[in-house]
Amino acid sequence: MEIKGINHLLFSVSHLDTSIDFYQKVFGAKLLVKGRTTAYFDMNGIWLALNEEPDIPRNDIKLSYTHIAFTIEDHEFEEMSAKLKRLHVNILPGRERDERDRKSIYFTDPDGHKFEFHTGTLQDRLRYYKQEKTHMHFYDETAF
């Protein structure tokens, strides 16, 4: 048995309509179906589901670095950054980043789920770490 890929992403949200608006405007997600407490989207081939659960505490998740990163092209970075600002999206302070690690912008949805738009690839990151992070052990040299 082997994993074929990611099947879908599901996020618990406090207000379904607010979140639908966010995912449509920020990610260009295409709304496929909406129920009383559920919405399904197609996000460029990714199945995204939202479940409204208004009574779940959401305060402490902001302390975690857990996030989902989406690839964007380097030439689209400034445009995407401007779009997030124009939509008044909560943009997070990014970490110090070496240019070899490419560009990233971190932000949250209305419920605090963290996302990143990143211009680099896994291979970019591995090459950079191989040069700079001498304490790391690399197991698969063919990965980059």
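Any Cβ shown, glycine's included, is placed from N, Cα and C.
Fair warning: this is a prediction, and the values are worked out from it, not measured in the lab.
Listed features, source Swiss-Prot:
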{"type": "DOMAIN", "residues": "5-120", "note": "domain 'VOC'"}
{"type": "BINDING", "residues": "HIS8, HIS67, GLU116", "note": "Mg(2+) binding site"}
{"type": "ACT_SITE", "residues": "GLU116", "note": "active site, proton donor/acceptor"}
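Taking the features listed in Swiss-Prot, we show where each one sits on the structure.
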{"residue": "HIS8", "record": "Mg(2+) binding site", "Cβ within 10 Å": "10"}
{"residue": "HIS67", "record": "Mg(2+) binding site", "Cβ within 10 Å": "14"}
{"residue": "GLU116", "record": "Mg(2+) binding site", "Cβ within 10 Å": "16"}
- [ ] Looking only at the domain 'VOC' (5-120), report the model's average pLDDT.
- [x] 88
Open item on the list: Under a three-state reading of DSSP, tell me whether HIS8 (Mg(2+) binding site) is helix, strand or coil.
Closed with: strand
TODO: Using DSSP with the three-state reduction, classify GLU116 (Mg(2+) binding site) as helix, strand or coil.
DONE: strand
